[in-house]
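Residues or ranges marked as transmembrane segment in TrEMBL: 24-47, 59-81, 101-119, 139-158, 197-224, 236-260, 272-293. TrEMBL lists 40-291 with the feature domain 'G-protein coupled receptors family 1 profile'.
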Amino acid sequence: ANNSQTKTPSFLLGGFPAWEITQLWGAVPLCSAYLLALLGNCTILSIIKVEQSLHAPMYLLLAMLAVADLGLCTSTFPSVLKMLWLKAREIGFGICLTQMFFIHTFTDIESAVILAMAFDRYVAICHPLRYSSILTNSVTMKICVAIIMRTILIQIPLPVLLTQLCFTRAGKLSHPYCLHPDIIKHSGSDTRINSAYGLFVLVSTLGLDLLFVLLSYVLILKVILNIATWRERLKVLNTCICHICAVLLFFIPMICLSMLHRFGKHVSPEVYTLVANLHFLAPPLLNPVVYSVKTKAIRRRILGMFYQRG
């Protein structure tokens, strides 16, 4: 790097172009959504912990999905709300890298958990007689540990490589939180290694996870189409509805955001803001709703809590 380049101590958060307009009406719904996401995922976790009948592989994976959602929204939305309420746009370099690490870590964990849940659905539908012997609680816990280890090991080099870059000025980020592709845009150094490793991480985690999720549903559909009656097909497919919703809520905004960062140089800031908020807010907010509505055991427990309070 050029000797005249120095690491900037801070970045400027972006993502809300019409500041005076969005400050008032944007903070209240975002704050409400953040609190609802916390409440919903904490409720899911508490129900799974208390209810002994839910100590099964499918619900253990659901608990880990809730943990990933909690981590994701807790990593992103405090800086969003701080920016809207306090007009605090500046974020330090170290804090920015820390936030980036946790955002990408919990994103990868959620992606891997969704893949594990797809495997759970595949075994339950394609090999129902062997389900209890293939997916035991101990196997599920090993899968969860493997997910965490894979994610941490592959994510650690991202902030380490960023500390080797030099920045000529305090850059304005595209979002009110720090993302790897957004940070490297403001470096005055050669970022080819960072970009290449970032792309490798994206393809080897989210890309492969999505590929195997799609493969599992191809195999599931082959089994469903071999079932004799439409009523039985719909009954089997209904067991996958929650997971299909989780896949769509997570991967569609993620793919759109990745494409915007790599190819959307002339896209308006409003589009960046909308897609990024959908990516980080929709899964933590809507996953608990979907699983509460469609999962009978969780729904009964929630209704029982309301009846007891009444």
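Cβ atoms are placed via backbone N, Cα and C, with glycine included.
Cβ atoms under 8 Å from those of the transmembrane segment (101-119) belong to residues 58, 61-62, 64-65, 67-69, 71-72, 75-76, 135, 140, 143-144, 147-148, 150-152, 154-156, 158-159, 177-180, 201, 205-206, 209-210, 212-213, 216-217, 243, 246-247, 250-251, 254, 280, 283 of the same chain, restricted to positions at least 6 beyond its ends. With Cβ pairs under 8 Å as the measure, the transmembrane segment (24-47) is packed most heavily against 59-81, out of 59-81, 197-224, 236-260.
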